[in-house]
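A.B. asks: Quick paste of what TrEMBL says about this protein:
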type	residues	note
DOMAIN	2-82	domain 'GST N-terminal'
DOMAIN	84-208	domain 'GST C-terminal'
Amino acid sequence: MTGYKLYYFELRARGEICRLSFKAAKIDFEDIRLNREEWIKEKASGSPPLGQMPFIVTPEGKYLAQSGAIMRYICKKGGLSPSDEFDEAEANMIVDSTYDLRAKLIRIRFESDPDKKENLIKDFYDNELPARLGGYRAVLKDKDFLVGDKLTYADIALFELLNSFLADGEPVVPKELEKFPLLVEYYKRVLSVPQINDWVVNRDKCSLFP
Ligand SMILES: N[C@@H](CCC(=O)N[C@@H](CS)C(=O)NCC(=O)O)C(=O)O
């Protein structure tokens, strides 16, 4: 039986959260990075569900797309999913809000009008990001991890956003956390999880966006 295969571009963007989930869950996977031409052929085969990447192929030959669904599935397999129903809902609250922030950063990246781009950047860094970080701090309280008493996919989603999108994938604390000392400690705690640290420090580096 072959193992898991993950298909994405040679980018972090929406693929890195899947790579990090496999690593955090200690599940081996083949990290397949397609270029544009290879992707066009793969898409034309009709195999990728929804016609988008990232997608995975399981050892049983099943296909799954959508980075959030892949993250939840892999993390559940690796014991990184909350068992309590409310904890699970709270984890999903965090994940969904990190996806809101990702969508804003992706919009900023691809905005071609310089004035609009500047306004989007200002609103994001002056208003939206600090408001959400304050919210994450309130959920964290004095716990080690966001939900329950162990690392879950809520931590994977938030850490990946902070590390990949704000710290450019480097093993450093993003400067945006400076006003949130509890989140600085939390970020360092997640970064020090051995399999996460190993990935962030030693991964095959690629850029966030094209
Ligand atoms: N919400 C989806 C978005 C997937 C998506 O937009 N994928 C893009 C790359 S980031 C894609 O497949 N683009 C190529 C295409 O549509 O042909 C996720 O998080 O996985």
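The backbone N, Cα and C atoms fix where each Cβ goes, and this holds for glycine too.
Each of these features: where is it, how hidden is it, and who are its neighbours?
C.D. replies: Here the domain 'GST N-terminal' (2-82) is broken down by DSSP into helix, strand and coil counts: 32 helix, 18 strand, 31 coil.
The DSSP breakdown of the domain 'GST C-terminal' (84-208) into helical (H, G, I), extended (E, B) and coil residues amounts to 90 helix, 0 strand, 35 coil.
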